[in-house]
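Q: Before we start, here is the structure in question, set down as structure tokens.
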């Protein structure tokens, strides 16, 4: 994206129009190089983002966008324009980057130059960086699992982190064994490739004692293990590492923009495959925090690797708040579809702060319930817990309650991105913007 160096091509301006009816007042119309709004300018930012992305993707070659005209619409009605401006910049960077492809003739994306006042330049530059790391997460999400496995995932981020002032720690198989991370190691038993725990630390606020831990599920391919997925259910399981890509990309965005905050990403990385040594239903594994877990279903593996990573963030990294991101339960597609990401929180104050961050980022989230009753079906006669149950109902809430057993008293927010991580077979980099805003807010608390 170019700033104030316009192409010799048409310029898109934003304007408000009164020729649409009330039913169209929140819709975005694209007419002859102009982006027109109905009676009201957009406050439903997710819908606006979708409309703008759709418009930009239809454009060819080069395009100028007049952001000053956009800001003026909000100022004229005494509305805060910053979130709206962030959404526009996010939409532009989203469309400028080609998703992962191995086509011999990949689609050429539109190049965008923006016209903007100098007072908005810093915000635009900041959010262009965020958009670039959203795109990094998208690229990793779309990469086939034979090219992106735990060791390669680590290498990609080690390279991307060069010069950003972050500290990278990698726990390899021997380290995980020494640490007794039995849940992560149990999931890994069927794979020929070793597991990894990737830690990316960014500490840039010495005045604060707060550390935000972002924990990501990094199953680089999920076959279901011995409870193998059938039919079409194995398609798209390369996206089971989306949480790890998202949290790691977020920390790099914060570091690139030198945000005054303390944040650490923890990515639990492994494949979940069947094999002669794979864990089986009825096995009992010991978690990093010492709790024992009976395996009821090997396809409920995400909560296992997250449990060890969450305990590690609390015990070893001394996190004061933990947010985990995971493609955890397929039920989310029935509950919230691809519109909202489901959020579970052990703390109302933590939820309030997270919701504020999501609003600032323009990403739709919805809080779902946690209750001790949901945990009862996960009681085991032989271990402290079991990882799943045949009892119907509230499966997503039950998974969240399972994770809460490993937080060591630290406030936990669980983000289930099972239905929003990828849409129409393309990674979305969902929640990078929200997590970025949350970490940036923490610096001001």
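Quick reminder: no glycine exception, Cβ is built from N, Cα and C everywhere.
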Q: Need a hand: Swiss-Prot gives 299, 301 for Mn(2+) 1, which of 222, 373, 384, 416 is also on that list?
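A: Given 299, 301 bind Mn(2+) 1 in Swiss-Prot, the matching entry from 222, 373, 384, 416 is 222.
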Q: Which residue of 240, 282, 283, 324 does Swiss-Prot report at the same Mn(2+) 2 site as 217, 222, 301?
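A: Between 240, 282, 283, 324, Swiss-Prot records just one in the Mn(2+) 2 site with 217, 222, 301, namely 240.
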Q: In sequence order, which same-chain residues at least six apart have a C-beta under 8 angstroms from residue 301 (Mn(2+) 2 binding site)?
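A: Set apart from residue 301 (Mn(2+) 2 binding site) by at least 6 residues yet with Cβ under 8 Å, we have 187, 219, 222, 225, 272, 387.
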Q: Roughly how many angstrom lie between the C-alpha atoms of residue 299 (Mn(2+) 1 binding site) and residue 229 (active site)?
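A: For residue 299 (Mn(2+) 1 binding site) versus residue 229 (active site), the Cα atoms are 8 Å apart.
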Q: Which entry in the list of recorded positions, 217, 303, has its Cβ near the fewest other Cβ atoms, using 10 Å as the limit?
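A: Per-residue Cβ counts within 10 Å for the recorded positions 217, 303 bottom out at 303.
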Q: If H, G and I count as helix, E and B as strand, and all else as coil, what does DSSP give for residue 217 (Mn(2+) 2 binding site)?
A: strand
